[in-house]
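Okay, structure first, notes after.
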Amino acid sequence: MRREHVLTTKELSRSDIEAVLDRAVDIARDPPDRSQYEDTILALLFFEPSTRTKMSFDTAMKRLGGTTVDLGPVGSSSVTKGESLADTVRVIEGYADGIVLRHPSEGAAKMASEFVDVPLINAGDGAGHHPTQTLLDLYTIRENVGFDDLSIGIMGDLKYGRTVHSLSHALTKLDARQHFISPESLRLPRSVRYDLHEAGANVREHTEIEDVLSSLDVLYVTRIQRERFHDENEYRKVAGQYHITPDLLEGADDDLIVMHPLPRVDEIAPDVDETAHAKYFQQAHNGVPVRMALLDLLLGGANK
Amino acid sequence: MTDHPTDNDRELRVSKIENGTVIDHVPGGQALKVLAILDIDGSTGETVSIGMNIPSEKLGRKDIVKVESRELSQNEVDVISLIAPDASINIIREFDVIEKSRVDRPATVTDVIACPNRNCITTQSEPVVSKFDVVDDGVRCIYCDTIVRDDLAEHIQTG
């Protein structure tokens with residue numbers, strides 16, 4: 001894999017994906033020599049609050065032997081002085097060897113990438129894409145159930161869920177049946193359905209989890225994002241509609257894994273954590289080796 | 001002599017123009033959108049003739065737009081092609097058609113459509129112009145992926 005930027009999973013081939021996952025396996029077993037990254041600086045530009053994505057990139061860079069710089073709280077940054085994102089990234093590229101960008105606007109990473117020469121990684125652009133989340137999702141899927149003849153249910157907020165959009169695009173590169181489970185009002189957006197159709201993806205849409213649960217290898221649950229709703233009543237209509245419990249999972253295959261990009265609210269009952277189905281914390285932990293692998297492939301290491 | 005009127009006969013329902021452009025084979029009911037693309041709202045004095053929902057052998061129903069004393073830019077033709085892929089553009093001088101061409105859908109359109117997604121980066125104060133890929137029956141923002149189909153004309157950046 002040799003790319004300038006990582007903006008969406010649409011542009012990643014299966015071999016690109018497998019190159020990152022294979023490198024992550026190697027790195028988890030045998031981390032690269034830290035000395036090769038002692039002069040490497042990664043800029044973390046998070047224009048939206050983030051805990052785990054930002055921390056896992058920070059950890060990944062430091063575990064490789066490099067350092068990070070960041071904007072600090074958005075409220076105290078140049079953004080409040082009215083500086084454009086284009087200007088911000090043009091300044092920061094002079095400081096760092098790579099940029100990780102999270103921004104509330106869709107297309108922000110794509111636009112920012114047009115203004116910089118250092119590698120830029122999209123860490124979430126509004127309701128658009130979140131490709132590195134997908135890479136760690138796929139790492140978790142591969143190590144638990146493999147990629148062959150995969151049947152995956154993706155449930156919750158499919159309309160605004162950027163992790164869902166990135167995952168569904170990536171799954172078109174695999175031999176996967178995708179079952180989308182959501183309230184009618186939170187179905188996949190037109191653009192994603194268009195891409196899945198164009199890719200010839202094997203896709204079904206459902207409103208009830210019980211209709212499909214028994215056929216799944218993976219159940220990928222997402223949070224209904226309250227902050228995306230302009231009308232509280234609309235949120236209440238769909239919030240709590242899906243609630244995964246140990247009783248519900250009695251109807252699933254024994255080997256089913258339950259995943260979630262976290263944070264969760266009430267989509268998954270806490271006592272599911274104690275079952276063998278729960279993989280969401282393992283999934284979160286996988287963020288570090290996967291992001292180490294991606295940084296290694298983009299910033300040096302494997303390319304040096 | 002034929003018992004049935006031809007498309008040419010029907011076009012006579014809309015008066016001939018001396019100089020300007022005739023946009024023919026616009027899908028029935030889309031003429032006002034063509035005017036919107038051309039930024040014609042009647043306030044600037046152009047002489048415009050419109051025929052709407054005229055029976056057509058090719059389209060079933062078609063619209064015709066005739067604009068006096070104006071020839072279209074390539075950009076305008078590109079955008080018209082998005083809502084009227086079968087349209088023909090006839091340049092008229094001294095009442096004669098001196099040039100007739102079919103519209104050709106471009107692969108992309110740049111800086112002519114405002115992205116309707118209020119959260120798209122192109123709608124923020126950034127030094128970037130909108131750019132859309134032309135897809136099956138609409139356009140798609142290359143930044144935020146939003147697909148615009150039915151209400152395309154409403155998002156044309158005029159002026």
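Backbone N, Cα and C define each Cβ position, glycine as well.
Worth saying up front: this structure is predicted, and the values here are computed from it rather than measured.
Look at TrEMBL and you will find A:ARG52, A:THR53, A:ARG102, A:HIS130, A:GLN133, A:LEU262, A:PRO263 tagged as carbamoyl phosphate binding site. Under the heading L-aspartate binding site, TrEMBL lists A:LYS81, A:ARG162, A:ARG223. Marked as domain 'Aspartate/ornithine carbamoyltransferase carbamoyl-P binding' by TrEMBL: A:5-143. Sequence annotations record features per position, and here TrEMBL assigns domain 'Aspartate/ornithine carbamoyltransferase Asp/Orn-binding' to A:149-297.
Cα separation, A:HIS130 (carbamoyl phosphate binding site) to A:LYS81 (L-aspartate binding site), rounded: 27 Å. Using the Cβ center of A:ARG52, A:THR53, A:ARG102, A:HIS130, A:GLN133, A:LEU262, A:PRO263 for carbamoyl phosphate, the list of other same-chain residues with Cβ within 8 Å runs, in sequence order, A:SER50, A:THR51, A:ALA123, A:GLY124, A:THR163, A:PRO261.
The least crowded of the binding-site residues A:ARG52, A:LYS81, A:ARG102, A:ARG162, judged by other CB atoms within 10 A of its own CB, is A:LYS81. A:ARG102 (carbamoyl phosphate binding site) has A:ARG162 as its nearest neighbour among the binding-site residues A:LYS81, A:ARG162, A:ARG223, going by CA to CA distance. Taking the binding-site residues A:THR53, A:GLN133 in turn and counting surrounding C-beta atoms within 10 angstroms, the largest count is reached at A:GLN133. Note on the domain 'Aspartate/ornithine carbamoyltransferase carbamoyl-P binding' (A:5-143): its mean pLDDT in the predicted model is 94. Most Cβ neighbours within 10 Å, among the binding-site residues A:HIS130, A:ARG223: A:HIS130 holds that distinction in the structure as shown. A:THR53 (carbamoyl phosphate binding site) and A:ARG162 (L-aspartate binding site) have their C-alpha atoms 13 Å apart, to the nearest angstrom.
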